[in-house]
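> Below you'll find the structure I mean.
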Amino acid sequence: MVAYSWLFVPLIFSFSTILLIGGIENSEIYIELVESRGYPIETHEVETEDGYLLNVYRIPYGKNSVGNGTPNRYPVLMQHGLFGCGENFIWLNQSIGYMLADHGYDVWVMNVRGSWHSVKHKTLDPDKDDAYWRFTWHEMGIYDIPATIDYILKNTGAQNISFIGHSQGTTTIFVMGAVRPEYNEKINGLVAMGPMSVILNPEEIFIRLVAPHYKLFKAIGKVLDIQKFPPFLSNRQMHAMNRFLCGLKFSPRWLCTFLVSILVGPNDDQFDPRIFPITAPLTPSSSSFHQLIHYGQNMMDKKFTTFDWGNAKENLRRYGSEKPVEYNVTNISFKVALYVAPNDVFVSNQTVQFLEDTLPNISEVYRVPYETWTHVDFLWGRDLNIYVHHNLLRTLNGFIRQ
């Protein structure tokens with residue numbers, strides 16, 4: 001055994017490196033990044049009904065505006081997807097957050113429960129209490145979004161907001177509209193980018209391989225007591241590993257680019273590997289293990305339903321039913337604009353058609369006129385200003401004028 005002990009040296013070195021460089025990147029770095037581009041940024045803490053504490057960014061005006069002297073700025077709230085965080089909307093020069101601020105919008109960016117900057121609770125310790133992670137995107141819809149909307153309306157005096165969701169950020173707002181219809185009047189319209197309720201016939205290889213076996217993974221998670229994803233790593237360690245693999249000068253970016261292509265679809269024209277130092281430390285963000293299982297359950301059942309906790313009493317406590325309940329999306333009264341990527345490996349034509357058939361108030365289906373536009377190009381596409389920005393402004397202005 002002693003003769004082979006040298007084999008552990010690189011492992012120990014790697015693990016030590018992860019611990020040492022963990023925490024170098026944090027929200028302060030990204031706040032400085034926004035300010036360096038000439039934009040103001042604020043951070044707010046929003047408390048939900050069930051005690052979760054959410055970090056919310058605000059860009060109240062654009063870099064060429066005269067402070068708060070511009071009245072009647074329309075608030076717009078943006079929510080990221082699974083494994084994402086608020087920085088998704090503000091980390092590039094051409095990001096949507098900056099564009100909206102420059103065009104007169106009061107921009108608010110959510111960090112949902114469990115993501116990098118919102119791993120916090122009034123009474124639960126995320127590092128010690130499994131109960132903290134016992135949520136899916138259902139709770140984001142019924143707690144996180146309503147609390148954030150109320151906070152924005154209280155602090156701005158506005159009557160309603162516009163909402164932009166990406167990926168899981170669309171799932172959660174569909175949940176809110178279905179389960180808490182009293183909030184529908186507080187939203188003048190939704191822009192759903194890479195929209196999904198039920199994932200039908202996706203091209204993404206890992207989803208196709210894993211989702212059919214979601215019950216097995218759910219059972220494994222129960223045996224191993226997996227609540228958080230990725231499991232067995234603290235946020236600090238995961239943060240450092242991401243940065244070490246893709247965010248440093250010596251990182252093998254060709255490998256990272258290859259992995260991005262495999263996971264979200266190839267689009268070399270829109271993806272710039274030079275963004276890795278900015279994006280890598282926060283990708284993927286932490287989440288609840290149950291969020292993934294919830295998507296797998298809905299995909300295999302081909303229904304948009306609440307999560308099955310595998311316990312009749314728990315389901316009854318959460319939903320008033322011993323079995324999962326189908327979301328009544330006919331309750332959704334605000335306008336919905338679907339923004340669809342032609343090369344989206346997560347959102348198939350069948351998924352889009354399902355949404356068109358089930359959502360009652362679709363005002364627009366905008367298919368990006370770029371053949372290889374992917375699910376994540378809404379966040380980091382080189383040509384966002386050409387293929388998304390102009391139409392997005394038209395859509396939002398239409399919501400406000402209605």
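Glycine residues also receive a Cβ, built from the backbone N, Cα and C atoms like all the rest.
Because TrEMBL annotations are produced automatically, they should be read as predictions rather than curated entries.
Residues or ranges marked as active site, nucleophile by TrEMBL: SER167. Residues or ranges marked as active site, charge relay system in TrEMBL: ASP344, HIS375. Annotation comment: TrEMBL describes 32-90 as domain 'Partial AB-hydrolase lipase'. As annotated by TrEMBL, transmembrane segment applies to 6-24.
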> Which whole-number value in Å describes the distance between the Cα atoms of HIS375 (active site, charge relay system) and SER167 (active site, nucleophile)?
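One finds 8 Å between the Cα atoms of these residues.
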> What are the helix, strand and coil residue counts for the domain 'Partial AB-hydrolase lipase' (32-90) according to DSSP?
12 helix, 20 strand, 27 coil
> Provide the number of Cβ atoms within 10 Å of the Cβ of the residue listed as 'active site, nucleophile', excluding the reference atom itself.
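I get 26 for this one.
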> Sorry to bug you, but what's the C-alpha spacing from ASP344 (active site, charge relay system) to SER167 (active site, nucleophile), rounded to the closest Å?
11
> Please report the number of other Cβ atoms within 10 Å of the Cβ of ASP344 (active site, charge relay system).
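I get 28 for this one.
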